[in-house]
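Working notes, beginning with the structure itself.
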Amino acid sequence: MRHISTVSSSGTPTTHIFTSSRALCPGQCSGSRSCCLLVFRFSLSLNTLLFARWLTAAVVFALRVLCFLSRTDVATVTPWLAPVVWEGTFEPELLDGVYRQKNVSIAVTVFAVGKYIRFLKDFLETAEQHFFVGFKVHVYVFTDRPAELPKVEMAAGRQLTVHPVPAAKRWQEISARRMEMIQRLIEETLLPGTDFIFCLDVDSKFHGRWGAESLGSLVAVVHPGYYKTERGGFPYERRPASRAYMAPGLGDFYYCGGAFGGDLHEVRLLAKTCRENFEADAKEGIEAAWQEESHLNRYMWLNKPSKVLSPEFLWQDFKPREREIHVVRFSGVVKNYAEIRPN
């Protein structure tokens, strides 16, 4: 066993115990089923409050008990008692049935700017096969090339809307504007009629189910490149002058900017905060190491996600599948960045 001391967002030191063989190791306990069940029992009250809008306490209790299946090779709960979703930790038919009864609607944002338009067809076609099948889904495509939009047949209850945007000279500009556009979309279009939103990278394809197991008030996806890395190796912004700054020793996981979501109010606040911090940095001539991803990681450390999705939910095609990755649900395609990016 090893003990890792971290500091909470309130500044209080905390200690977590985990075994060195675990993936997603921060927050992992002894790995025994009884211990994990106990933690899930304690997390029940928190998640009941988070999802009371949709589910009664009795239904939440049933979901937590019935859907918890054994995975002792990975962390299935965070230090703040949020579930970490892996294949084998949920019952898909049960979850989908509950949320379909609530008739929830899901918005998706995707940015297909410049040569990235070439990835949109595969994104949309595979989403039809795997992403919230049987639910109401509205895809919002932001692009500077609306004339090149591919024709993809969508199932009943699913639709697509195009939002024209200006072209960009630098790919960093595209990255920087995303949070502003997501915030405006939520405020001007989605509220109050949409329930959840996911913001996804277009240069990716769906390979497996992505459904109701991913729903939560604030949802983050652990970056596939760093889920086995000690927090000291996370590529956080390390310059104190930046609003995205993360001091050495701080942090929970390293989250990817290519997939995140939650309910509209939470994602609006995330987008607004990240945009404001990005703009404040820009006025001082600072650009965070990984643009909005750096600001997102700072935000998620201060505002813990209610649900964490494992790297199954955004893998990378060039990476061989690891033993603990039982299924790849969504994955970034192999590409030549020098050819598709404007700079």
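Cβ coordinates come from backbone N, Cα and C, glycine included.
Taken from TrEMBL as is:
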BINDING   Phe111, Ala112, Val113, Tyr116, Asp201, Val202, Asp203  UDP-N-acetyl-alpha-D-galactosamine binding site
BINDING   Asp201, Asp203  Mn(2+) binding site
ACT_SITE  Glu293  active site, nucleophile
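Shown on the structure are the features that TrEMBL records.
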{"residue": "Phe111", "record": "UDP-N-acetyl-alpha-D-galactosamine binding site", "CB count, 10 Å": "25"}
{"residue": "Ala112", "record": "UDP-N-acetyl-alpha-D-galactosamine binding site", "CB count, 10 Å": "26"}
{"residue": "Val113", "record": "UDP-N-acetyl-alpha-D-galactosamine binding site", "CB count, 10 Å": "22"}
{"residue": "Tyr116", "record": "UDP-N-acetyl-alpha-D-galactosamine binding site", "CB count, 10 Å": "22"}
{"residue": "Asp201", "record": "UDP-N-acetyl-alpha-D-galactosamine binding site", "CB count, 10 Å": "19"}
{"residue": "Val202", "record": "UDP-N-acetyl-alpha-D-galactosamine binding site", "CB count, 10 Å": "23"}
{"residue": "Asp203", "record": "UDP-N-acetyl-alpha-D-galactosamine binding site", "CB count, 10 Å": "22"}
{"residue": "Glu293", "record": "active site, nucleophile", "CB count, 10 Å": "23"}
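Close to the recorded UDP-N-acetyl-alpha-D-galactosamine site, the chain also has Val110, Ile117, Phe119, Leu120, Ile174: residues not among Phe111, Ala112, Val113, Tyr116, Asp201, Val202, Asp203 whose Cβ is within 8 Å of the site's Cβ mean position. For Val113 (UDP-N-acetyl-alpha-D-galactosamine binding site) paired with the residue listed as 'active site, nucleophile', the C-alpha to C-alpha distance reads 18 Å. Whole-number maximum of the Cα to Cα distances across the UDP-N-acetyl-alpha-D-galactosamine-binding residues Phe111, Ala112, Val113, Tyr116, Asp201, Val202, Asp203: 11 angstrom.
In the three-state DSSP reading, Val113 (UDP-N-acetyl-alpha-D-galactosamine binding site) counts as coil. The two recorded residues Phe111 (UDP-N-acetyl-alpha-D-galactosamine binding site) and the residue listed as 'active site, nucleophile' have their Cα atoms spaced 15 Å from each other. Counting in whole angstrom, Ala112 (UDP-N-acetyl-alpha-D-galactosamine binding site) lies 18 from Glu293 (active site, nucleophile) by their C-alpha atoms.
Here the C-alpha separation of Tyr116 (UDP-N-acetyl-alpha-D-galactosamine binding site) and Glu293 (active site, nucleophile) works out to 18 Å. Here the candidates are the binding-site residues Asp201, Val202, Asp203, and by Cα distance the one nearest the residue listed as 'active site, nucleophile' turns out to be Asp201. Secondary structure at Asp203 (UDP-N-acetyl-alpha-D-galactosamine binding site), as computed by DSSP, is coil.
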